[in-house]
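What follows is a short report on a single structure.
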């Protein structure tokens, strides 16, 4: 495929085939998606139909790339008996659902149940029958993305044409410019007869092989296009070269047989020169297409090719074996050495290291990996040795899903592309008509403007030469490809750059729509906030008693370690951060008061305290991303807060602990002073959950818990406001909490206590008011709203349903990427418009210039040189534009907030946000 005409041609003809339901063909990606009725049509029939249209097509591996469907290449198949033997043995195996083996290709398509059997088992069965087996290679897809075959084909055409084109140019310079001019034919050097000059004879010898061999690709494509009642750029090229060659042959033969006294003017120089420049343009164009695909190629190349499978006993590796990555099965143990790619998604069961996930998520800093951490296939292990348990393999892996989304996005068409395809469909016939009118017009003008004293033959030659050159140049210079490439090149680069920076855009439509959004609607839980409760503040009582902070943390953490409540988990995590350990005191008499709190007895506090390493410094995170450094030595409570301390001192080796609400304390007759009640009330007004901790029936501290606002949320909201967006918070949470969160990040408009179906109604209300709405969410309850919005933006860490409903997916769970997605959309749309403008201006100006209108005052001019260079420019301009596409998006490769934007935001916070914060409510050193 070379242009939009090819795309429209394939789509239109395939749509006519009985059983085909829909067809979408992507020019740059060189692939198509066809939905069909399998009861009426087979894949082989579709491939045959495409071949009959003049295009080579193969079934992509990705069509079989479901987790339960794999292709194997089998060696040793000699007859149908071998095929039957393999199929029967595989189908007889429990877990194999279907098996089809092709003798012609030696490929077996096996569908199986991953829970019962895996790829390695299939290979063992085949090898047990005496054959060899391996997974089918995916190199074809990489070659397709690089357009390797197309580049090679056009390089061959270019070299053949160049071999003859250079001598043609030299002959033109020597014979037509140096030795004589058209007005002095007596200087011609005859060969055999005066009607056949040496220059025409040499040009004929050089032009013929170019016309036959160099033009072969054009003739084949043009024939198949015309056969099915359509026309593309190949038709224009074939018309131009064929008319020039045929006219030259006819006029030369006429001169010879009619015994003219001089050799006629010919166009033998047109085909070599024209095909040289066009072949060069096509070669560069396909190289450029490969460049636009490099983001997807880079993602695909991240996949490791091999994995080290290990077995372990008692924490030691007992054996290891290198296997193909496709043979890794769920729950396999994989060893990842330093510097190696992580083969599959999994969980670290042993080892500690850090992983570079920048190529997948765009995260610039290495991510720490330790026991229990998840790793992403395709990330690079940094320094330590890791043992990973495979959790997602094949098409279920994160990298495979990203690649699939990007492929689908680059295959889909932006709405504006449909207009370009329609224009391209009428473009070629219009150019042919213009060329014919040019020929007729210049012929008429020529006869009225040439010197009537010329001989009739010379006058005829002069007029026809100028008219033919103008008409041929119009055919050759017209460029429908520039219209067809305007959108897909931009969409492909835009989605590719987004994918490498953690922004997955599902096609041209959301990419085109997002920058038009006037209102951004945010969900709260999991979107604006982290989605999990955590301790954000701690208020302690004043006391002269020396009580280490780590003791408070140990008491709270030990008590809540037996609780499964989210609040308990938050307290335990807080204690773990303070202590740097998960060693807890012994818990007894543990009691849960549902909805109110927990109580228990702790023993052995001193022993556990002594076990904890007393680091010189401990980092504790509190508040909205702010870090507080706490010395590891004992800290007096009156250094940390403002309230009264417990009146009990002495040993804290065994204590009675209660952590819960005011109601629970009242039920247990534990006294709460007015200052503590006031503190709890203030925290609750701020949308936080406040619980009390009592040791030996004395209130020790107030623990404040909240779903913490993401550290970048306020900056993202501010940046969107600066872009002129209307920001809305839409949540099912209570109004008090919602308003507190909105106030914290700078959102003024809040819709709280909204049910999932009501969220969808709110989106429609905004749309009915004339707003273009982009919805950002992560949960199942956000799915209807995401689907109803003009553009849905899902957090990748959210639910699968939300991701499926959205048009854009943020891999990194970073709200700044919403800003980046809008900027990416604006840049892509700007590039598309520029491409269309250039294509229209080029054709609108180029065709009249080629027709000779700007040379009205001079009928005869050096049009041949102009036409050749103009033709080259028409082809090469698309390539140059494509090469620059990636560079035009360079700023997005580091689309994280730049320092100037950050400094502006800090000034904004100093003036507004920081004034609202009550820093004295937090721990201060």
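Using N, Cα and C of the backbone, Cβ positions are placed for all residues, glycine too.
Model, not experiment: these values are computed from the prediction.
As annotated in TrEMBL, transmembrane segment covers the listed stretch 834-855 rather than the other ranges in 768-789, 790-811, 812-833, 834-855. Looking at the stretches 136-157, 158-179, 290-311, 312-333, the one that TrEMBL records under the feature transmembrane segment is 158-179. Sequence-distant contacts of the transmembrane segment (235-258) (same chain, six or more residues past either end, CB-CB distance under 8 Å): 193, 195-196, 200, 204, 207, 211, 215, 218-219, 222, 225-226, 264-268, 270-271, 274-275, 278, 428, 431-432, 435, 468, 471-473, 475-476, 478. Taken through DSSP, the domain 'HMA' (68-134) splits into 23 helix, 23 strand, 21 coil.
Distant neighbours of the transmembrane segment (191-214): 157, 160-161, 164-165, 167-168, 171, 174-176, 241, 245, 248-249, 252, 255-256, 258-264, 266, 268-269, 271-272, 275, 279; these residues of the same chain sit at least 6 beyond its ends, with a Cβ under 8 Å from one of its Cβ atoms.
Mean pLDDT for the domain 'HMA' (68-134) in this predicted model: 80. Under 8 Å from some Cβ of the transmembrane segment (158-179) lie the Cβ atoms of residues 187, 197-199, 202-203, 206-207, 209-210, 213-214, 268-269, 272-273, 275-276, 279-280, 283, 864, all in the same chain and six or more residues away from its ends.
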